[in-house]
Each structure stands twice: as C-alpha cells, then as structure tokens.
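Undergrad: Before I ask anything, let me first share the structure, which is written out below as structure tokens.
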Amino acid sequence: MKICVLPGDGIGPEIMAQAVRVLGALDLKLEMEEALLGGCAVDATGNPYPEAAQKLARAADAVLLGAVGGPKWDALPREQRPERGLLGIRKDLNLFANLRPAILYPELANASSLKPEVVAGLDILIVRELTGDIYFGQPRGIETREVEGTLQRVGWNTMIYAEYEIRRILKVAFEAAQKRGKKLCSVDKMNVLECTQLWRDIADEMAKDYPDVELSHMLVDNAAMQLVRAPKQFDVMVTGNMFGDILSDEASMLTGSIGMLPSASLDADNKGLYEPSHGSAPDIAGKNLANPLATILSAAMMLRYTFNQEEAAQRVENAVKKVLAQGYRTGDIHEPGTNKVGTREMGDAVLAAL
Ligand code: NAD
Ligand code: IPM
Ligand code: MN
C-alpha cells in the first residue's frame, strides 16, 4: 500500500503531520513517501507540480494531500500558481469523481451555523465532477480587444462537458445513491446554460438503468438555498466542477466547520487522491490552530476506497467520534464547556482514542 504524501502549503504540513501519525499507528503495511506540490514546489523548482511529485503520485496507489496556495504566490503567472499544481495532479491522475461527505457528528450540533434541529442527523454526499467544466474548458483567457468601439480588457472561460464525462460522473453518483438512501439530486442551471441542459438530459436517460434510485433535478441557486433551509432533504447530490466547489463549501458549514469535511477524488479504478475540502488557511498557518480532523477523515476515506480496509477506516472514524465526545475542540469548532486544543493536541487525542 504505497501512499504519496503531499503536505503542501500553509496549514498543510501541520494537519498532514497528524494524519500521518494516525496512519502510522494502524498496524498496516503502509509505505509513505513525501513530495512537494503547490507553493512549496514553486519555491523549490519553479513548477507547482514538479516531476518528482508526478513520478511519486503516478507510482503510488493513493495520494494524501494537505492543501496548497497562499498570498505569497497569488501574483505569479497562472501556470506557476500553486492551485495549478492541484488542478494538474487531478487531471494527470484522471481523478474525475470527487466525493465530499457532509456528516454532522451529534456532538457538533451546536457548532453548526444552523439550528440544531435543522441539521441533526445530517448525512449528505456531494459528488462533484472534478476534471472538466469551466475549470478546464478551452478557450479561456484575458486579452485587450475592441468592444463597442473602445479597447477594453475582456476575460472569458468556457463551460463545456462531453457526454462521456457526464455519464461517468453520474454513474458514480447513481451507484453511490444505491448504496445509501437511494435518492439522487442532480444540480444544474439548465434554465440558462446549454452545457447543463445536456447534463440534465443525460441524467434522465440514465435514470432508467437505476429504477431503485429516485432522481430529482434542482437549479443550483435553489440548491444553495435549500442546503441552508432544509439540508436533510438531500441524500446524494451530483453536480459539475464549479457548482460542486461552491456547494461543498456551503455544506461544510452545516457540519460545524470546513475543518471537518474530508474528500476523496477517484479515477475509474478507485485510485485516489484524498484531501480535506478546505484550503491552506494562511490566516492561521504555523500557529498550531488548524483542525486536522478533515485530513484524518480523508485518510480514513483512503483506507476505505483505495485499500479496501473498511475496518481500519472505521477505527479511525470511531476515534474521531470519540475525541469529539470527549470534548476536544480546535478553535473552529470550540464552544463554551469544551476543551480547546491545538492541531498537535487533537492528533494526540485521536492517537489515544485509537
Ligand atoms: P481556506 O479554506 O483556506 O480558508 C477559509 C477559512 O476557513 C479561513 O478563515 C481558515 O482559517 C478557515 N479554515 C480552513 N481550514 C481550516 C481548518 N482545518 N481548521 C480551522 N480553520 C480552517 O480558503 P481561502 O482562504 O479561500 O483560501 C486560502 C488558500 O487556499 C488560497 O490560496 C486557495 O487557493 C487555497 N485553497 C486550496 C485548496 C486545496 O488545496 N484543496 C482548497 C481551497 C483553497
Ligand atoms: C477545492 C479548491 C480548489 C478547487 C482550488 C484551490 C483549485 O477550492 O479543492 O475545493 O476549486 O477545486
Ligand atoms: Mn473549494
């Protein structure tokens, strides 16, 4: 079981250190090797996804990633930015299926920004397409051209999906729904965008092959509203790259903090990259303040999806539940009466619970 570990930037190395400790305590034959991705890789090599990381990631069975990016690199040309490294590795490894489960642990009901009764028992799976859409569509650019008689700067991107891309992500979503509550909500903007009209048409066609799954459609603006009005109406949500990016950050807050939301990005053979859904949190980096649980829970997803180690995955998840029940809280989920700890101490608590 070979794991390529990419701590990245900002809080990345801090949260990754805790996830690696947890994995190391599991009595599994895991081989972990580190490489640079993101801003740290730009600093060292000028390339956000350098060859060493490419080699290691391609040879590994799974990739565990912290987070990339930060203000230090924001002014660089686009192809040298840390985020380009992240998009590059997703595309390189063909990780088109991004699973972002938003689960509310009962102990965190009061940390959610919504009333406890609205979120109690929440368990949503967001299936986000990850290698297409406006993120990768061509043409794209910024240029100066004549517009209505004056020279102006124009910026443009292309929202585009080919049928095979839509079919393969919907297949993942239908199959996930079959294994869960058998409800699938496909989110689009078909009232305006042709690209997502095609998405909806294909979802309707495929629904015939999954008679046990109840398929519904929702426009993305309504979906954003419904997620905070009555989130428990959802079981599995499936959507494109950009809508999924936005809706999964929104859903994370229902669970108490974005520091709780893990993710798996899978190819067709369940080779995967696992990372928290949050970013490099430059505002709290280097201060032992970040919540490592999303990364630790991402490691649990890795054990489940890539390595078929369901028991070990549950052991890690149960340890997380236990530390929450014991009252351990990083600043992002802290409330009066609980025990405020730092990143490292949260890792210590998870290890003790294991
Ligand atoms: P962010 O997710 O990094 O931070 C948003 C807010 O959430 C901040 O206040 C931060 O302190 C807090 N937060 C995030 N993770 C936390 C954790 N584990 N524990 C406690 N608090 C946490 O989003 P941003 O500020 O918009 O982006 C910062 C940088 O991260 C940017 O360069 C962005 O491109 C990058 N980014 C990377 C990824 C990734 O690597 N997958 C994802 C999102 C953003
Ligand atoms: C995420 C991030 C990335 C995305 C950025 C950093 C490229 O926001 O993983 O959600 O938009 O996919
Ligand atoms: Mn995002």
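Cβ from N, Cα, C; glycine included.
What TrEMBL shows for this protein is this:
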- 70-83, 279-291: NAD(+) binding site (BINDING)
- ARG90, ARG100, ARG128, ASP221: substrate binding site (BINDING)
- ASP221, ASP245, ASP249: Mg(2+) binding site (BINDING)
- 2-350: domain 'Isopropylmalate dehydrogenase-like' (DOMAIN)
- TYR135: site 'Important for catalysis' (SITE)
- LYS189: site 'Important for catalysis' (SITE)
Undergrad: Between ALA285 (NAD(+) binding site) and ARG90 (substrate binding site), how far is it from one CA atom to the other, in Å?
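TA: Given the Cα positions, ALA285 (NAD(+) binding site) is 24 Å from ARG90 (substrate binding site).
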Undergrad: How many Å lie between the Cα of LYS189 (site 'Important for catalysis') and the Cα of TYR135 (site 'Important for catalysis')?
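TA: That separation, Cα to Cα, works out to 16 Å.
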Undergrad: Please list the binding-site residues from GLY70, ARG90, ASP221, ASP245, ALA285 whose Cβ falls under 6 Å of any atom in ligand 1.
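TA: GLY70, by Cβ distance under 6 Å.
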Undergrad: Where does ARG78 (NAD(+) binding site) sit by DSSP, helix, strand or coil?
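TA: In the DSSP reduction, ARG78 (NAD(+) binding site) maps to helix.
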Undergrad: In sequence order, what residues of the same chain, 6+ apart, have a Cβ less than 8 Å from the Cβ of PRO82 (NAD(+) binding site)?
TA: GLY8, ASP9, LEU37, GLY38, GLY39, ALA41, VAL42, PRO48, VAL68, GLY69, GLY70, TRP73, SER280
Undergrad: So what's the average pLDDT for the domain 'Isopropylmalate dehydrogenase-like' (2-350)?
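TA: PLDDT averaged over the stretch: 96.
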Undergrad: Could you tell me the C-alpha distance between ARG100 (substrate binding site) and ALA281 (NAD(+) binding site) in angstrom, no decimals?
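TA: ALA281 (NAD(+) binding site) has its Cα 19 Å from the Cα of ARG100 (substrate binding site).
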Undergrad: Given the binding-site residues ASP221, ASP245, which one is most crowded in terms of C-beta atoms within 10 angstroms?
TA: ASP245
